[in-house]
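Here's what TrEMBL has on this protein:
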DOMAIN    5-44  domain 'Kringle'
DISULFID  Cys16-Cys39  disulfide bond
DOMAIN    57-136  domain 'Kringle'
DISULFID  Cys79-Cys118  disulfide bond
DISULFID  Cys107-Cys130  disulfide bond
Amino acid sequence: MFWIRYPDDGLDDNYCRNPDGRHKPWCFTTDPNTPWEYCNVKVCETPPLSRVVETTECYQGRGEGYRGTADVTPTGLTCQRWDSQYPHNHTFSPQAYPCKNLKENYCRNPDGQEFPWCFTTDPRVRTMFCSDIPQCGAQNQPVSDCHEGFGENYQGEQSRTRSNLPCAPWREHSNRSALGIRLLQTRYMF
């Protein structure tokens with residue numbers, strides 16, 4: 001039970017972390033053929049200044065920190081509530097991704113897509129980017145997402161692996177045995 005064994009390591013969502021001292025930040029994946037993988041988080045050239053700031057009027061980078069109230073797509077479709085499975089079933093529930101702020105039917109980016117997005121209330125259109133949210137100006141751009149050492153203290157918001165697989169919530173992997181994880185580690189060692 002990773003998130004129980006390492007309660008102070010930020011394992012309350014699906015972000016890349018290094019709770020057990022591997023070579024760099026990693027995560028469990030949503031791909032059954034790749035149970036876990038290292039993340040493509042760079043080593044810092046200098047210590048990072050700060051984490052990505054949450055925004056409400058604009059988005060930074062890919063918009064993973066966007067916390068505004070946009071809830072209609074550029075084509076006028078209303079967004080589906082994140083806690084609803086109608087008309088589209090999905091796994092992005094507020095309970096599974098507590099740090100992604102999946103409130104109401106607001107545009108969010110829980111999986112690192114190009115822009116904030118949402119499921120729509122139109123049964124014929126599953127998802128749509130909320131590409132009309134303005135991008136923040138240069139003064140609000142985030143500091144480069146990087147880690148120091150092996151990344152044991154990495155607290156960034158990277159949630160994709162080096163091969164671009166989405167990270168799964170840490171809580172979904174509470175039943176993996178330590179032996180099984182050690183066997184998988186040998187497969188992915190550098």
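One is the number of the first residue shown, and numbering goes on along the chain from there.
Just so you know, glycine gets a Cβ as well, placed from its N, Cα and C.
No curator has checked TrEMBL annotations; they are predicted automatically.
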Most Cβ neighbours inside 10 Å, all chains, among the disulfide-bonded residues Cys107, Cys118, Cys130: Cys118
Cβ neighbour count within 10 Å of Cys39 (disulfide bond): 25
Cys16 (disulfide bond) - helix vs strand vs coil (DSSP): coil
Secondary structure tally of the domain 'Kringle' (57-136) (DSSP, helix then strand then coil): 3 helix, 14 strand, 63 coil
Helix-strand-coil residue split for the domain 'Kringle' (5-44), DSSP-based: 1 helix, 11 strand, 28 coil
